[in-house]
Amino acid sequence: MSSPSSGPALPGRAPRPTYRQVLRVPHAARAMAAALLGRLSYGTVPLSLLLAVRDASGSYAVAGTAMALFGLAGVALSPARAAVIDRRGPARPLTALALCYALLLGLLTAAAVSGGVPDAALVALAAAAGASTPPLGPVMRALWSRLAPDPELLQRAYSLDSVAEELLYVLGPLLVGLLVAFASPAAGIALSAVLVLAGTLALTSSRAVRTSDGSPADGSPAGGGAVGGGAADGSAVEGGAVEGGAVEGGAVEGGAVEGGAVEGGAVEGGSAGAASEKATPVAAAPRVAAPGGRSAVARLLGGPQRWRSAPLAPVVLLTGALGVGLGALDLLVVAFAEDAGAPGAVAWVLAALSAGSAVGGLVYGAVRWRSPLRTRLALAALGLGLVLAPAGLAPGPFALALVAALAGVSVAPALTTAYLLADATAPPERRTRAGAWVNTAFNAGAASGTAAAGLLLGSLPVAACFALAALPLLLAGLAALTPRGAVRTAGATAPAPARQEPQKAREPQQAREVQEAQKAPEEARKARTAS
């Protein structure tokens, strides 16, 4: 159930934050603009890479392999990249990754244009570029969770960020289509390199990132931890929950803890379903090494032991199913357009998908939701699956574009909710990795979906391939709505609405919410043991 955010505020309830308020948060507008400039590369590179490698190799199989390895290489190293940023802060790692990524895309552009380059070299360059992709999205979500500590303002910020990103995926294919009309598809790869380098350098030089790396902003003291320089209101957070002074105390959307530190693994001083660190200065508890220790690789990746006690697995599975469906859709749209004799329609169909997602994200952010996050994610997956299943029966590319727009309505809400759930299941010092696992699941699913669609298209009609692409979404959505799936994601509920009450009056309620949040992982463990 939900209620619209428009209209007069109810007695005792603060009015809903607006998108204008989000953009007025200090240092937020520049950081968001810079991140979006860099992320536009992610809207231009997939279609550019597919078309450029196909032209250079003369084979859709080679192009599909290059695309799949580009995605899988990024997936494999995503948790490690997030862990490095957790420890060292975003500025230096992002800059190094962007330089490497741009260089490799430049080499791939040269190889595609020159001709005569072995197919294996094209695939290897694509995989290497994917492995060095800078995680601009997770870093920007981390910045939002620090800059906008109010839970409802944070949800608005994440919705605005998701919608803006979807618009990039509308613009990206259209830019590539325009470039292809006048130049080689490899020009799109070169454009992607320039965009990511310019956007990353602008982001890492912004005040928001410099503050997160420990440089004080607005005169506030910077501690040595996750949010050096303090919360958005200028208060300090000392010691830090995250090693190395990184900002990613809440890299994923819809943070799980408000105003709290992590001591001994428990959330203290915060409320479940809220976001980021609050104004009160806190100090991190001493770190206690586990008996016997863990390897450096296990510590870097977060390790299965870190997540075994948290209900993150259902979120990862649902997000992976979402990636499978959307990854398959990209290639299925190409096949559908070619069968219809309109290959130029591919960019428009993919743009319609992203436009629908942007609309869905705007509506999602404008509603005060009361249903549990897990229910919203499951219903979004089911909605996408139900629309995708019959899409191959569309009479032509124009009709397919309409279906794609309808399917897209579920995409941004599903991804936003997945990040909210990930944040709700992770302690503050692990939220970047929680978000990275969600991002990894989506990208792995997308790469798998693309590869599977390529195999299926060789033996099945396009319409049947659309139906099979929808199957993981339908199964995962139904499984998440079962009682067992509900138990696994217990405690991940919608953020409580903000109220105009004194801080002291909210403390008893916050304490109850914290107790519920602390009990949720234990209840989930008991449920899994009983099952």
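Numbering starts at 1 and runs along the chain as displayed.
Here the Cβ of each residue, glycine as well, is placed from N, Cα and C on the backbone.
What you are looking at is a predicted structure, and each value in this text was computed from that prediction instead of being measured.
Annotated compositional bias 'Gly residues' per TrEMBL: 221-232, in sequence order. If you look up TrEMBL, you'll see 489-499 marked as compositional bias 'Low complexity'. The feature compositional bias 'Basic and acidic residues' is assigned by TrEMBL to 501-531. Look at TrEMBL and you will find 311-531 tagged as domain 'Major facilitator superfamily (MFS) profile'. According to TrEMBL, the feature region 'Disordered' maps to 208-235, 489-531. For 31-53, 59-82, 94-113, 174-203, 315-337, 343-365, 377-394, 400-422, 434-455, 461-481, the entry in TrEMBL reads transmembrane segment.
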| What stretch in 31-53, 94-113, 377-394, 434-455 has the biggest tally of Cβ pairs under 8 Å against the transmembrane segment (174-203)? | 31-53
| query | Taking residues 6+ outside the transmembrane segment (315-337), which of them lie with a CB under 8 Å of any CB in it? | reply | 46, 50, 64, 71, 343-346, 349-350, 353, 377-378, 381, 384-385, 388, 391-392, 394, 397, 400, 404, 407, 411, 414-415, 418, 421-422, 425, 437-438, 441-450, 452-454, 457, 462, 465-466, 468-470, 472-473, 475-477, 479-480, 489, 492
| Per the definition of 3+ C-beta pairs under 8 A with sequence separation of 6 or more, do the transmembrane segment (377-394) and the transmembrane segment (461-481) touch? | yes
| message | If we skip the immediate neighbours and take only residues 6+ beyond the ends of the transmembrane segment (343-365), which ones have a Cβ under 8 Å from one of its Cβ atoms? | response | 19, 43, 47, 155-156, 158-160, 162-163, 166-171, 173-174, 176-177, 329-330, 333-334, 336-337, 397-398, 400-402, 404-413, 416
| field | Beyond the flanks of the transmembrane segment (461-481) by 6 or more, those residues with Cβ under 8 Å of it | value | 314, 317-318, 320-322, 324-325, 328-329, 332, 335-336, 339, 374-375, 377-382, 384-386, 388-393, 445, 449, 452-453, 489
| task | Mind looking up the mean pLDDT for the domain 'Major facilitator superfamily (MFS) profile' (311-531) in the predicted model? | result | 76
